[in-house]
Structures are given as structure tokens and as C-alpha cells.
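Student: Here it is, the structure, as C-alpha cells.
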Amino acid sequence: MPNTSFPVPSKFPLGPPAAVCGSGETLRPAPPSGGTMKAAEEEHYSYVSPSVTSTLPLPTAHSALPAACHDLQTSTPGISAVPSANHPPSYGGAVDSGPSGYFLSSGNTRPNGAPTLESPRIEITSYLGLHHGSGQFFHDVEVEDVLPSCKRSPSTATLHLPSLEAYRDPSCLSPASSLSSRSCNSEASSYESNYSYPYASPQTSPWQSPCVSPKTTDPEEGFPRSLGACHLLGSPRHSPSTSPRASITEESWLGARGSRPTSPCNKRKYSLNGRQPSCSPHHSPTPSPHGSPRVSVTEDTWLGNTTQYTSSAIVAAINALTTDSTLDLGDGVPIKSRKTALEHAPSVALKVEPAGEDLGTTPPTSDFPPEEYTFQHLRKGAFCEQYLSVPQASYQWAKPKSLSPTSYMSPSLPALDWQLPSHSGPYELRIEVQPKSHHRAHYETEGSRGAVKASAGGHPIVQLHGYLENEPLTLQLFIGTADDRLLRPHAFYQVHRITGKTVSTTSHEIILSNTKVLEIPLLPENNMRAIIDCAGILKLRNSDIELRKGETDIGRKNTRVRLVFRVHIPQPNGRTLSLQVASNPIECSQRSAQELPLVEKQSTDSYPVIGGKKMVLSGHNFLQDSKVIFVEKAPDGHHVWEMEAKTDRDLCKPNSLVVEIPPFRNQRITSPAQVSFYVCNGKRKRSQYQRFTYLPANGNSVFLTLSSESELRGGFY
């Protein structure tokens, strides 16, 4: 193997050779060389012998760099890297003042008394005057003040290393771009080691470093010298290879560490004698004098990008694009190392608004973390602290009360899928004005299409009758199904809160069991009457809803909904009376509203089993060949009875249809029988099911049938 020599920075003093930690080659006696002794003046200028076979230049370190960044601290020292096969692998270093057995005879000596090292090699004399005591190992050397140039004594150390290929990252273009030469860290580098660059950790570095791990410096010494060294943080040079490892977590700090040598640059802060301080993922108390230009790199950002970028220019561009714009606003301490507070983190000012009069004075924002804020008390504003102040309404929304475990807790309110009556005792919840039969619902990606309107203009009106108290109540509104099954919240449609200049009703939006519920106040001064001009209909994505368990039974083709209103009335005995009423069906699809028949009103909803009476249906999209089908279903949904009613085609209009009620299948029933009917314009063009009740037959049923037929012939229709 050819000898390879290259200069590397060194602060090693003159002394006997010593083996240090690492996996390299130990020193061996230098073979005789026929070269002559070079003068000390030539060594100061890094004179290179012409007999050098292979050289690998490395950048020399600046004398102002701290010892924490690199342990070899002379400006232009010379170290010869000579592979050796006679000694076990380890890092070793020999100095010029070692035993004579390592060098030539005493005749070939330098002016300073040191013998000539072997050739071919590169030999550079240090400018820095380093003094040492009796210690013979590198980690026992103490760095003293730099002497003037006239008093500096030359010192040369020899470091034998194994083959250079073992320390080179195959994807790196030069040793300067290795993972271990990313930056120079000060004593506050633990901030960036924990958060910014997980691949810079010495315990997780995949490539070994050709340099010996440096000695830890004292905080008093390392901090001032790091002022000039930390300018390297802004260097545009970055490693062309990315790291496949995840970020440093609490578990990785507590886990076992490997035994292989680690990279320098003060990443592992303990000396070469094996004394290892306790590693902690917590922040270092000493701040960094310069802000870090890097951003946090997490596991999510590294996965999938481990082999894509192999050029340092691409990595530099990515880092420039992802650099936090708020880094220059700080005081020099990296963003990741600062204490999390409201004045540092957010880019939008957050103002705390009292939720009610009983909230009291708001404590300072620095006394509690942001996660203690509630969503209702946060308002976004600009840095200029200007926003539109909206006057608070007289109606205060109910706040959740914190109850102790020993306090009495009343039963919870009924679920949204419970079937509740519309009247009970003196109370009745009634829809005074029904909504329009068609309303175009809007999607989440488009703008609102306004509030639901009434058929005759305006908006729906709901009123609670029989309530004589002076306390206001809350009217709840949600979107329910409009099929023939039991009423329940619709999975594909939600209520949408409408705001604007033309909205006169105050509303508040909450979520109950994945269903949006709009709360509207019912005030005694308004006779417990509310105009619903603040409710729209929102269409959710089918893919999002169908992933939920138990929601696919509704079907994406079910585009008809109802407005469901609820009110909870407290009783003197401590209980709560809940009433519910649902509106007429509302078609939310524009295409369905133009093609499917829709029944809005029927002239009668019950008749005796003998049938024969004329019934008028009002709605939309009725045709001359429209059919009306009466159906009786079993509890399991199976059709027990199905009959087509006769239609009067002469009286048929697009918005009205006259049919004859067919006789029921069982003429001897003793209790009312519930059936349904629908209008059909084709195979797949059916209206929603409408309810109808058959009554038991008696002596007056025949008279009622005959009288109704005579009224029809008299010209009522």
C-alpha cells in the first residue's frame, strides 16, 4: 500500500508517543531516509519535499477556532499519516522529541535538536507555541495562551492512520463535506444537537471520522472562542448525502451506545481517557452567541428522502427554502432552544376575550402555556392590535359546569337519534313556516349558498307554545334524514352556520357525536319565536363518511333531508322535558330536484279501510303517467302489501295529482294500520315515502265515503 501523507490540524505538544482512542494504526519506528534536514524557516512555510508520492490536502484550522470544535488547534502543523502493519489497529501519534529509536542517527538532526522524520511525507512546523507538563498523553495537555510569533517554538507531531478509504463517505466528494464537518458548535451546541440535526449525532453517525475526538473545553474557554468559529454555521457547504436515521428522542438518549469511534466537532463532550459525562436530551443552560440557520429535521422529513438528494447544491437549496423566516428576529439564541412562550412562537397575535361576565380578569399570557387556552377564547389579530369589536349579545350561551364527584349529576340529554314528541302537556314545539322543498347544498370547497328559505318567501319560523317562564331557552337545530325509516342525523349533510349583514338571528355552533348542531336562543320577549335565517346545508365528502363504521346504511344517493328542531325545558322537579319537531323533506341535489317527483302536501292522511276517497297531492315534477303506490311494510322492512292507486289523468298537473285511495287488504282491523305511499315517474324516479293511516271500518264509514264522492262531483276540484 503506498504511503499517504496529509496535513491535519494539531495542538499536540512534543513528547513521547501515546496511543489514543480510535481504530487506527500505532506508531512504528520511521524507516531511514536519505533526505537532508530542512531548515526551520522552510517548515514555517509548509515546504513540501519533492519526493512525496501521494498527498491529500486538508483545510487548515484557523487559530481563532475554539478547542471545542477541533482539538488539533495549530494553524499550520504537520502530521504524517503512515500505515503500519506491525501493530494492532488504534490511533497513535508520535512527536519529534520521542525516543531516538524512532528516528535516524543523531547526526541527522534539525536545528532545534529534533531528528528528521521519514520521507516521503509532508512536514509542517506549527506556529502556535504549546507547552506541556509532565503528562504524556494527548488528553492531559493543557492549552496555554498563544505566545508572540517571535517566541513560538516549532512543534511537529506524527499521527499514523489506516487506509483513508475507511474514513471516507463514498458519496462525499471531499473530506470537507463529510458528515463530521457540518459545523463548529459552541458550548450551546446541545440545542442544535437535540433538535436541528439528528444525523449529526456521534452515536448515530454511519461514517467514521479521520480525526480524533477532541478534548472537552471549559465553558469559560470555549464560549469566547466560539464567537469566530460559529460563523461556519452559515456556510453554504452541506453534506451531499442525507441521513437515514430518525431524530433524537428520549428513548435514544437512554439507550445503549455503540463502541465505534465517533465524529469530532465537539459532538461527544468527553475526553479521550474514557470519562463520559451524563448525556441528557434537555437544553443546555448556556445560550449560543449566534442563531442557528438550520431548521428542525424530524423523522417524517427524512423518510422517503434518504437517497434522493446527492448534490450539495440541492441540499443547500432545500435548506434555504425551509429556513424559518423568524430566525433573524431572535436575540441570537436558536429558536429551538428558547423557552416556549406566546411572544416567541406565534406569527399571529392571540387575544383573550372573556366568555362571560363571570370570567374575571385574564391572567398574563406568560403565566400559562398556550394549550390551556380554549378555542372559544382565542381571536386572531394582526400585530397592529386592530380588529372589529362585535358587541356581545344579551343572551349568554350555556357553559359547561364543573361538578365534583360527590355532587348530583342529572341524566344526560337524549341522543340525537332518539324519537321525541313534538308536544307534551302544555308545551308544543311547532314549525309555523315550513322550509322550501329544494335547497342547493354547498360543498366544503365552495362558498356558502345562503340560508334555507321558506316556500312563500322569507325563512322558516319555529315557535314554542305553552312556555310562560321568563328564562330564555336554547333551540337546537341539526340536519336529519327524510327517508321512510326512523328519524336520525344525516351522515352526508350537516348544518352550516350563516353570518352576514342580513342575518338577524344569533346562533352558536357545537358538535355532538360527530354532528354539527346549531343553537338558537328562544327569548320570552319574542314569544319564544325564532326566525331561522342563519342555517344553511353543508354536503360532506362521500369518501370521508363511508369510512366511518355504521354510516354506509344511509347511502350517498339519499339527498333528501329535514330540519330537526329540539328544545329542552327544565321542570320544577329537576327533570328536563325534551321536545322535537322535523320539517318537510328538503331536496339538496339540483339534479334530483329537477327529475324526481316531490310530494309537499296531501289533502288527507287517514281514511277507513274501505277506501274510495279522492286525495289531492301537491308537489313538483308530476307527469301524466305518474303512478301512486301504497305499501305496507313489516318491522323487518319486508313488503307485506303493495297496491297501485288510480289516478285522475284529466286533473293531473305538474304540481298537483289526484288519486283514489285504494281499499286496505284487511277490512276487519280493530286498530289503525300505518302504511306508506310514493309517487313514481319511472324505474328509478321515485319520491320519498309519505305516511298514511287506515282506520277500522264502522257504520259511518260508508256515509263518509258517499258524501266525499258527491263533494268531488259538485266541483270542489
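Keep in mind that glycine also has a Cβ here, set from the backbone N, Cα and C atoms.
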Student: Quick one: sort out which of 120-125, 492-497, 576-581 is the region 'Calcineurin-binding' according to Swiss-Prot.
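Tutor: Result: 120-125 is the stretch Swiss-Prot calls region 'Calcineurin-binding'.
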Student: Of Ser209, Ser235, Ser404, Ser671, which does Swiss-Prot mark as phosphoserine?
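Tutor: So the answer, going by Swiss-Prot, is Ser235.
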Student: Say a student had to find the phosphoserine annotation in Swiss-Prot: which of Ser239, Ser280 would be the correct pick?
Tutor: Ser239
Student: Quick one: which of 72-79, 128-135, 440-447, 648-655 does Swiss-Prot have down as DNA-binding region?
Tutor: 440-447
Student: Quick test of your reading of Swiss-Prot: among 312-323, 528-539, where does it put motif 'Nuclear export signal'?
Tutor: 312-323
Student: With the ranges 1-38, 343-380 to choose from, which does Swiss-Prot describe as region 'Disordered'?
Tutor: 1-38
